[in-house]
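Enquirer: Shown below is the structure under consideration.
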């Protein structure tokens, strides 16, 4: 039994024992898909027996069970929370049958199903895999990539992948997969290879066996391997050896372990991306491949490899060469021509050329690979032994391009071959484990030999490769890593569970509830050689039975009967572990520090292995000790500690530290039983006997020592002082003091112990840990605990300087005398004093203090990874107060010295020339640098709050500096650190994908029915009510543009009208009104542009176009379908199209839309087809049509529906703007005969579709100056009419379309049309414009134009009426903004009456427009410039339309003159509109508004008929559109009034086209609900020319001069420019003042303008910067000179700019004039009344709940205050100070200083930390750097109230001086002369020494204290001690023996 207890002593107690049942198994039973049969299959056989009577059935069912049973499997992994950090819970992936269940735990609760998947066939394998989403496939991508986390489910023929974002992929598998592995890059597949693959008669290369897939949408590509050959050079080849199997794959480091079944060896490879040169080597053809090897040579090489001598590790790969893989062509029998995934009869077949993504499922693996596989294909043999004919000699087909391999495995290590190698030595389990010192081991378990082989490996110095070392064998039956505590659990052959760290044994694991194997398992345990077959379900069947093909089972059932008991208990819920003979059978599913044990009775238990330490203090100390000790010693220390800590009945968290101290001291050679302070440790319960393992076990009877211990205990003292004790008059027991004296005399250390030699090193690192803890205000308790240990060690090592340091830090804790353990000289020799050990204690406070004073200090020693705060503080002080910017960027830093075990250069050299303040950078630069650096190293506000307030002050100062004017492009972390939530939220939003934003409108559910279907309820009313807050203009616009309600038909019935005539009258009136109604959708589309995010599961709501009316007074319906009047056919078809476009344009570009949704919206009824056609066009304009599958596009076009074709062609072209996309070009060319070869079949393409296709070509080739396209389009402008009515109607629109398209293709290229000089483009266009003889048609289409039209007799002259508009606009677009005067002069209006007669007046509009667009920079926004475009002859003879009498003239045609006049004016106005589009330029606005008013007056003038009402209406419409362009998106009231007036005009002269123009103007005015404006880029001008072409349709079906669909191209010119400030605290839009700075141009200097946001910004290229102005909101500057991208991304996400209200300010809504904020100003200006403020008023300054609570509880006076009133006043003034200065974070610092002063006054300061902080604050404010800062920025910084600091300083000085005079001088003298000091004075003495920087006695001048006679001499003698003069003045009386203190 004693033997057992000793074993028990070094045991490790496992905790938290729970029965384990995979969660998925339970869930399966209740899963709706789990049908009865599957349920039965999962039940044990015995249950079936009882439920079913027939025994025969049971037999068959049991047979099923054995197959099905093994299909159950599961795996666990560490939980990954959404944010990405690892959380401490399990995730389980469970597979059974065709179901996969993924369940997740969480920190608080048990597992719950996360997702469950059911697939069609049996799941072979399921796994987690992260795919990388990236275009660039370079290696560096894997460092900072976007991951797509997926679950992959392998079935026999395909692989399903489901991402957590909800994306599903399915990849067909071209072969049978034996195994799939998740890698760092994607998936790795192993192909099934049957063992009896017969080599074909023809010698040919073997097939690859391993493949990779980098993304579910990528192809499966073969894996390449690279291995050193026998001759030293490495060779690259495919992995083809079927004997090589993967046994393990690890993600980080990315390595693969393989097993060669022939050689019986394991190899390790690194998995990486293929390099380009390796790709080339593998893909080379045999002729080029240098050495041509055929299959025979390659196999002989492998044979040679396999016969390598046993001793050496084969460097060459066990893989065959595969360089000749291309030599044979595709087998004729392979049907894989049309498959996406390749056939691998050879690599030529691995071709991308024939892989459309269809037809994947139809081929079995055998067919695809021409090899035998597990699927028993009837063709099997014929495929395996293909006759030679099938491999015909044709070489690589020209179009087949081989599949390029993606991944490569690079050989790292192969195990050496022993003398005899067992056949079956494949590793059954492989894992990587790290030992407690960070050394890594690759462990693989060879079950057959009961061996765990551990290979040590490490990274090379340059981190590029792994170096493998020696192999250690551990006897084991099973093993599993315990990651969290860097150990592994090993199940030994005898059933013991043992913990190892690396290859060092830690101890046995004791599992409560399971009997120890040594007791129970003497007979039960099978011999190690017997494989444990039938136990535990999850062992794969193949392992037990071998391949089913080969082994013929006589009867599997009896075998199973044997194990049915196990299966029973497996499902038995309440199984007990105490059954006799239960032993651990295997270990599985390790996660974190939990692991599952499979027991021999089939049940499973999950245990937790205890952690190395739970308290932070012990963890840190262990880390430091581990860091400094040699690895082998460190391992021993950690193992000993772990045994002590984790013994059964181990310590609580409370006593963990005590246990650690005793354990550590024991290992150092102390006898802790005799050391007074460790002896008094109170352990809860008895100590584990492990602590002092050398002692014999104490007898149970007790001893004298126990009694002594009790008398010395705290318990005894409590009993003694108890009342009962006194009342009974018991005499006090004599406590024997002999022991104590005994203690103090002859204590010594045992120098033979493990850590004796390392005591100084351990002491030093623990001291550094102590200094680190001082920088964390939460670790006060830890400091007290650690100081005891440090003081003991410092005493014994005779380190007085350290003792003095600890005394000054904690005077109450450090006794000046204490128990010393003597270390004699001889022993001292054994001690190793490391080079980094300094005689002066490193002190972080002292270091910072010296730094602030500008004194020299040695570099501060720090432990990398442990003392991170010390490093941070040192570097931030060096950066901010010394101005050394390089300190944070350099790896080696002069301010820090890394503590390492390797020797360093002596410290003395490094001490010279230190710490000079550099003036290199400005303060703001230093502050920014500091803040950005701190955020980059992960420092957060929470860390800042735990720094002591004095240390934190410089950092807070820097933060305060940055907060005023931060950079707009700082990261989220930096913005959070400086307390700018507005910026951090902006940065955070910037990283999110564009989607539904803060401002997405939420329609209230209670909207009225009438509003529901007008198509305008998705606008953001909250923002619009801010933009237009004074009136209801938005409702007005909505009323004007709605087309879903019937119109009012007001007709008066005159007496002479019969009822029938009256009805006709009403219907005629309705027909007139319908002209207007049909024009409304175009305007509505503009108004609601991009305002809606559709729900992908719902169809898009399209408001109906209502063409009925209501006649008052009885609201009777008036309808056009009554047949009373003639209604034009198809009248509403284009109106429906426009309605569809308007509905589609509501969809915002960032919406989640896919092809399925687009098709889903297709209407059921044919009459809605036009609407859908418009919807398709709209989707193209907002960029969504690219998602429509090619198949669907083809489908729509073959229907032959004209409108659908128009919408689709224009839509896809707009979506592919300027891309020259070939597939779209092909699509368009079919519809443009001129682009087809002359011999092609003539297709019957409707005219309008041709027009759309031509414009489409222009869009796709926009700005490319593509020669062929330009040539064809140039010819098409003047295309003559052909025979048989071909191209005879509506020629104008086609010619115009060709002109516009040509203009787009050569947009803005001007005279730089490279390679087109022979086309004479400008001359040809000029000819089209003015007329002349038609040129001879060149090129391939000349045949077409030989036969003339029989209908139209034009002869060989150009018909200018047809070609002029297109040619004019083409010239305008080609020479747009080029200021080319010679071309512009061609376009000048004629200046003689004769020439005027030759030009149609409306063409003058186009010419004027074109000329002005070319001379872009000459356009000026005034009427003088407009008039300057009118030729002199017209100006001189222009008539006033208001005159009654018209002048008579024989020479002049007044009609021509006046028409020419109005059209030229209109053209100039239109060009003005283009020039200032979206600018809201006031001069342009007033100029255009004047002309609009003039035209309105002309219409009612007496002589209007001379000009003609139609012409005047056209010109008015053009001017109105120009006006709307300039004011786009602004909702200007004057323009709205004009539009509203014209909306009401519905007389006979107002046709459909004019209504269209007026409502387009209205739409532009409110573009996108005020969120969008127009751009003036070349592309935008081109789009606007198409959309606003100044010839309007006469009626709703008129497309003669201009295709109506083009009216919507304005979308391409719209850009989001609305900036909406959103208050970051309330998350609501608000007003904010912004200032934009315009760059200087030739017209104006750089200017600034203030705008009140929400507002439309000017075009970004005009701006230099934009800033949010104070004083209400924190300032924010966006500098556009650095790039416009940041602001563009803000504007594209609804323009949300987060702003933060400053303290004491109210928003513009609450306080428009800013008067209420004055209250805050008085406080901020530090008036004397500030103190008198009431705490209640604070709520108007700040909304911070913490500050409000502080005011509530600490600043409100109560009735009887008394002395507390003073504190209350102080707190109130501090609070106001903080709020008004906007530094609420300083409140705790103020209060801490106040508390420190109070405790100093009371003289009960237990430690000097707070005094240090006050000292550091005073030093910071008097430091040179701060003084300079104050000088440069008098208004910034000034953190602490200037009145508060002097008060603090005076209070501290006065208190210490009082103490000095009241007897303190005696203590100081005693201290300095090394004599004992009175105990009661120790606290104040320490405060005095710290505050006045008094040096330690040993630093005083050697002559001692006496000897100086004068103060001057004293100053001289103390000069090297850097003592402040004020301190010397106070010391002088003590030192000079003068009783009069010289206090200043």
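Numbers here mean position along the shown chain, with the first residue as 1.
Cβ from N, Cα, C; glycine included.
According to Swiss-Prot, the protein carries these features:
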MOD_RES   60  phosphoserine
MOD_RES   291  phosphothreonine
REGION    312-343  region 'Disordered'
MOD_RES   313  phosphoserine
COMPBIAS  323-343  compositional bias 'Low complexity'
MOD_RES   341  phosphoserine
MOD_RES   343  phosphoserine
MOD_RES   355  phosphoserine
MOD_RES   362  phosphoserine
REGION    370-395  region 'Disordered'
MOD_RES   373  phosphoserine
COMPBIAS  384-393  compositional bias 'Polar residues'
MOD_RES   537  phosphothreonine
MOD_RES   547  phosphoserine
MOD_RES   555  phosphoserine
MOD_RES   571  phosphotyrosine
MOD_RES   680  phosphoserine
MOD_RES   686  phosphoserine
MOD_RES   688  phosphoserine
REGION    991-1014  region 'Disordered'
COMPBIAS  998-1007  compositional bias 'Polar residues'
REPEAT    1297-1325  repeat 'PC 1'
REPEAT    1467-1501  repeat 'PC 3'
REPEAT    1520-1552  repeat 'PC 4'
Enquirer: Check residue 680 (phosphoserine) against DSSP and tell me helix, strand or coil, would you?
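Expert: In three-state terms, residue 680 (phosphoserine) counts as coil.
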Enquirer: Could you tally the C-beta atoms, other than its own, that fall within 10 angstroms of the C-beta of residue 680 (phosphoserine)?
Expert: 12
Enquirer: Tally of helix, strand and coil residues over the repeat 'PC 3' (1467-1501) according to DSSP?
Expert: 27 helix, 0 strand, 8 coil
Enquirer: Summarise the repeat 'PC 1' (1297-1325) as counts of helix, strand and coil residues per DSSP.
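Expert: Its residues divide into 17 helix, 0 strand, 12 coil.
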Enquirer: When secondary structure is assigned with DSSP, how many helix, strand and coil residues does the repeat 'PC 4' (1520-1552) contain?
Expert: 20 helix, 0 strand, 13 coil
Enquirer: So what's the average pLDDT for the repeat 'PC 4' (1520-1552)?
Expert: 95
